[in-house]
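Here's what Swiss-Prot has on this protein:
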DOMAIN    57-161  domain 'Core-binding (CB)'
DOMAIN    181-362  domain 'Tyr recombinase'
ACT_SITE  215  active site
ACT_SITE  242  active site
ACT_SITE  314  active site
ACT_SITE  317  active site
ACT_SITE  340  active site
ACT_SITE  349  active site, O-(3'-phospho-DNA)-tyrosine intermediate
């Protein structure tokens, strides 16, 4: 077992009983403390190997090892965010002392952390301006959020039991079933209202999303080197796509027009701010700067002004897909255009294009034998208005 330093932090390198070589952070810059932790870990491993003891590991040590082993995971930032929640409840607690009851108790008290962060910012602003402090009103989280946090701690504790041999038996954690919500999409008139209410550069981003179906992160992180205007194609790199494979995006006239309007604003990023903005501390941002993926203020304000409720940015992708399906695009083609990994992920839009079932449904007409006129949608609506 040896010690080495990386970026001022001390690490230990050692071999497991099975021969596997492991490197782990000791979480300290102090060499003496690192040596003490090293010796403790060495003695612990000896007891595990020779006596069959389980190591006395805390929850944060398990979290640290998880993050180190999953360093290349695309959704690592999401893992960190969920781990941060669990550390609020189990920091300093030994793994063997974490029970199902304690886990469920923590989840039952979950509140939206973003709401609390916004409240804290408002408190600081009120203090600076000498105004009355706002009251904190906790916002409950969805079943889906609870399910994702439970899945996170379940994965860590399962790894502690099966892979790291730090637990004799991990708690049995049941993940609540999450119902698939309806596909939320906009009518063309609603989309036009939303676009009209969006300030730049959000307006261009929304247009591009509706024209291509790309996810927000792919649009905000889009670079000029990923675009070939002559061939009318854009590329999403494998490390940036949800399916972990490269995606070619066909650029229609609308998308090309949006891109041409961005030329000359930045040498690298396609979509950027061009006007300075005030920060919470009163300072100003640079005029030309990359857009933030997590910024929602302008989006929510535009939706409110347009009279559109319960609509997320990702629903623009649903809108794009819904429009294509209603225009007669086959599911298999939509899957390729949207870069979905399986056809099952596209079937959520199938109900929007039931026209291919019409001929089969007409078999019932043959059974009744009635002479039923084949009326168009406009004719039917006209008759309804007359009634």
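Glycine is no exception: its Cβ is also placed from the backbone N, Cα and C atoms.
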Check: About how far apart, in whole Å, are the alpha carbons (Cα) of residue 314 (active site) and residue 349 (active site, O-(3'-phospho-DNA)-tyrosine intermediate)?
Finding: 15
Note to self: Just to be sure I understand: of 317, 340, 349, which active-site residues have a C-alpha no more than 10 angstroms from the C-alpha of residue 215 (active site)?
What the structure shows: 317
Check: Are any of 242, 317, 349 (the active-site residues) within 10 Å of residue 340 (active site) when you go C-alpha to C-alpha, and if so which?
Finding: 242
Item checked: DSSP residue counts for the domain 'Core-binding (CB)' (57-161), split into helix, strand and coil -> 74 helix, 4 strand, 27 coil
Check: So which one is it: of the active-site residues 215, 242, 317, which has the fewest other Cβ atoms within 10 Å?
Finding: 242
Next item on the list: Could you state the whole-number distance in Å separating the C-alpha atoms of residue 242 (active site) and residue 317 (active site)?
Entry: 14
Next item on the list: Note the mean pLDDT of the domain 'Tyr recombinase' (181-362), expressed as a whole number.
Entry: 90
